[in-house]
């Protein structure tokens with residue numbers, strides 16, 4: 001428990017950051033529809049706009065995630081966390097000021113530019129921070145608690161949205177994002193992986209004295225060399241069968257999650273005329289179930305069942321809940337499907353825990369950044385596949401009457417991840433083997 005209590009400042013930082021990010025989700029659909037298609041419940045343009053946004057962000061993140069992970073191994077987790085947590089404030093502040101069409105377009109552009117760096121990087125760096133400070137045998141539980149903190153922020157954020165106006169929602173989110181950045185810089189200690197860690201990018205004493213110009217140039221060159229090559233990524237995949245299997249599972253799991261996220265809210269608005277408050281109610285149910293599961297069930301089940309079995313359980317229920325959404329025949333069915341989050345939230349912490357055990361202690365940032373990069377590639381592919389399907393089957397041009405067809409296809413992608421997860425077996429952690437070989 002001492003190790004986990006030492007992570008309290010990280011948990012608070014993640015809670016504040018996620019609170020700000022999640023509380024705007026129930027409102028952004030209505031804001032997008034009002035800016036692009038005022039007065040309508042179905043809008044193909046809004047669906048394509050959202051899909052294009054996810055694809056561009058995923059393409060940028062595909063490049064940035066491995067680089068950020070590698071840089072954090074060299075310069076420290078705190079320095080790299082500062083940038084995405086601070087950049088998150090900009091698009092929120094734009095909509096906090098105004099939600100007119102011109103400001104929506106400004107938000108849209110800044111959201112893409114900042115999210116190329118921010119999307120997934122906070123989570124990736126937090127996982128690496130936890131891996132630095134928690135022994136291998138307890139990482140699954142620690143990752144579960146970290147995800148549980150995120151889920152509790154999801155609950156609190158979406159619940160707050162339920163009682164706030166749209167304008168107030170973005171204003172409060174902006175204030176919370178600023179508080180997260182300040183709290184992190186003041187209270188979060190850096191995570192030192194080893195004695196060879198370079199001077200942090202944002203260290204306080206960096207400006208003291210005059211630095212030799214040649215040394216400064218060498219540092220800049222070394223920073224750009226940190227970007228992993230294709231050969232580095234292939235070597236990482238070949239280093240462990242378990243690692244490569246986890247990467248495949250991560251791709252298809254993220255492909256389905258992003259596809260659901262990009263389609264579900266527009267589907268529910270067109271099919272059942274959901275609004276901001278009903279989106280918030282649905283997300284609160286999902287968040288509460290996920291929080292209870294990750295904070296209470298996962299620390300108990302992970303040591304007993306192991307990450308591989310728990311991963312398969314989570315993916316099975318993830319697939320099931322997507323299929324239930326796709327065939328929803330009643331206004332109340334989506335609320336029932338949201339309860340599946342009690343079990344499907346196991347998947348992501350288990351993937352990350354499996355991956356963390358396949359690399360050494362000085363490679364946690366690289367490994368987590370690589371898996372985040374795989375997820376970013378899925379972020380590119382998913383909107384290209386599922387956004388056109390969603391727009392088609394919610395329109396009058398649908399070839400047959402099945403509004404949830406795109407979500408059914410998303411469920412099939414999750415099923416592929418589930419089948420692949422069944423092939424993962426519990427092998428001795430590579431990081432343990434490497435450490436033992438040193439003695």
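Each Cβ is built from the backbone N, Cα and C atoms, and glycine gets one as well.
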In TrEMBL, of the candidate ranges 243-267, 318-342, the one given as transmembrane segment runs 243-267
Long-range CB partners for the transmembrane segment (80-98) (under 8 A, at least six residues beyond its ends), listed in sequence order, are 13, 17, 20-21, 24, 31, 68, 71-72, 104, 106-107, 110-111, 114-115, 117-118, 121-122, 125-126, 129, 167, 170-171, 173-174, 177-178, 180-181, 184-185, 188, 201-202
For the domain 'Major facilitator superfamily (MFS) profile' (1-192), report the average pLDDT of the model, please.
87
